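Visitor: Features from TrEMBL:
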- B:30-53: transmembrane segment (TRANSMEM)
- B:90-328: domain 'ABC transmembrane type-1' (DOMAIN)
- B:94-115: transmembrane segment (TRANSMEM)
- B:127-147: transmembrane segment (TRANSMEM)
- B:200-224: transmembrane segment (TRANSMEM)
- B:245-268: transmembrane segment (TRANSMEM)
- B:309-329: transmembrane segment (TRANSMEM)
């Protein structure tokens, strides 16, 4: 190109060159500017307070409310919408920004949330599992506002069970409003398969093995287990731990980490899990919990142990409760209620604080909980619900929640912090594949190191 | 060359160039810097700056939401290298890289040689083979995951269903086995995972080869087309067989392309995340887990930023081991020229 100037009119060409070069500079500058902007948005260590600052003018600020959750599936999304409806009635004119992030058990949402909180751009209120997931991750880090006044004003301490209140408080202060309770220690079974083989749902661990033997002989997979979302086998194990330890000693495992090494019942629980898995499908690492549950209503498997969101799944699939499938507490845990709870908190620096507080009032209200829970397929965290809006299973669960001994779930964030949850999950997922009892024991002991806070 | 004309022309040209330089002296010298400066600055900050930042974090105690940059030396590295998961990640990465590279190169070369023999409808086949590359690894992972879901012996699914329908007696656990081949064997105390080939890795390797062998094919095809026919003709005239032509003429001339392909594929395989995340999620156990997934989960699920950064730095070192010798070699051959 340069060479061509040799024989042409040099002056003209250089001018053209000049124009071309100026253009190039313009393009380069604008593209690198947009590159800088793009990187700046995603860059973690550089806080970006700009969008927040733009919203601060008081008049503009209070006409919005941003709620962050991972409720995107049918059922849970409907429940969330029902809460929004009530909020809109109380605060007409406020625009609700529904900031949901899809993805298994909130994994993706949690990552987005952490980035936003660290960048100084919190939502007005966000979904978090009540318990250590809230306390160990957010409260200890000083990112949440205590809401004692709200609890006092609304009288929630009187209508929520003490075990639950203990789990959402830290150093005597409350930090979130629980909207629901799920039960994780449930056994779901196929009615027809059980009737054909003349079986009753197993009550104890020994019952389970007797039933499983008969089912295996009849050519049915006794226990259907998933594993694709990496929480299914850890979930099964916490139910077995509860059966072996009982609620009080089970809960102690998470306040006294040394028990994992010293208590022989840990080995017993591992042994039981190994026997359970010997009655389970081999292809579990390729199945989600829902795939595993599907086999139960299809009748190719007889039982699955899963939280009561499986109930919502069955109903959605058109299977009739009590006809196609039945339920019982998971073997050995009759009279015990392994709970987990979704709650909403108030992050420090919430851009629309007044609306956020009104939102929390909706979440904690009887009206709000009775609108939300029948749709989500969970029971209210309050003990005074309107029983007429709940169906057969949920009424059963409400009664059990009122009577049973409560124990917090590990896998679902109630019993321990996230670092422990991950290590504990890793240990059991390796075990699900390797079935190496010594190895899982040592990995569980290693995981227990994450428990001291 | 045409000496006389050149002698007459040259001073004139020189004068004009000098005039031009006089007219726009500063702009000419200034422009390259202006054009390059923003991208240099961006690279300094967003590549090297963040590498430095990650290194600092990897040597700190940062765990949890609040940053804590207290220096703890190499403690995080010690933690990850002694963990079951990271040891299995390293084993898997090596296995994946070796099989993926060899598979993609061999199949790509084979396809290129076949296409180079001037088959009819060449452009159609070229598009078909190149097409997987246009698809995201996420899509590939999901689709191949469906194919490899084994089902139960009574009700096989995916490929197993096909095998059953074809009357083949096989029932392979595909992606759900945690076996390591050859298994057992020598395992020192510090090693917590059995060495060997995790069988569940094979479906992932197959999917990755499916995706990338079109790319190697395209590269090899371009290289084959670049070899002058005269060379091969001369060899044939000298009495070389087709195999000898390929072995002694074509193959050596493909080496630079092979090296380039190894570099491109190698860094993909050392950093692979999306394909495995969607296809197996790293399971069963950690039989298909890789450092990328470990890094993601450690940092964003467990909020252990320091350990996550340590894993990222180890990944960077692994890629550098591959790239840096290549860069040095490139630099040397270019300066020699």
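Along the chain as shown, the residues are counted starting at 1.
Quick reminder: no glycine exception, Cβ is built from N, Cα and C everywhere.
A quick note: this is a predicted structure, and the numbers were derived from the prediction, not measured.
Describe each of these features in terms of where it is and what it packs against.
Guide: Distant neighbours of the transmembrane segment (B:30-53): 316; these residues of the same chain sit at least 6 beyond its ends, with a Cβ under 8 Å from one of its Cβ atoms.
The list of residues near the transmembrane segment (B:127-147) in space but at least 6 beyond its ends in sequence, with Cβ under 8 angstroms from a Cβ of it, reads 111, 158-159, 175, 203-204, 206-208, 210-215, 217-218, 272, 274-280.
Taking Cβ pairs closer than 8 Å, the transmembrane segment (B:200-224) reaches residues 92, 95-96, 99-100, 103-105, 107-109, 111-113, 115-116, 126, 129-133, 135, 137, 140-141, 144, 147-148, 174-178, 250, 253-254, 256-257, 260-261, 264-265, 268-269, 272, 275-276, 279-280, 283-284, 287-288 in its own chain, all 6 or more past its ends.
With a cut-off of 8 Å between Cβ atoms, the residues of this chain six or more beyond the transmembrane segment (B:245-268) that come close are 97, 100-101, 104-105, 108-109, 113, 212, 215-216, 219-220, 222-224, 227, 231-232, 235-236, 319, 322-323, 326.
Beyond its flanks by at least six residues, the transmembrane segment (B:309-329) meets 51, 54-55, 57-58, 62, 76-77, 79-80, 86, 93, 259, 263, 266-267, 270-271, 291-292, 294-295, 298-299 of its own chain at Cβ-Cβ distances under 8 Å.
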Visitor: Any residues 6+ beyond the ends of the transmembrane segment (B:94-115) with a Cβ under 8 Å from its own?
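Guide: Non-local partners: 122, 125-126, 129, 197-198, 201-202, 204-205, 208-209, 212-221, 223-224, 246, 254, 258, 261-262, 265-266, 269-270, 272, 290.
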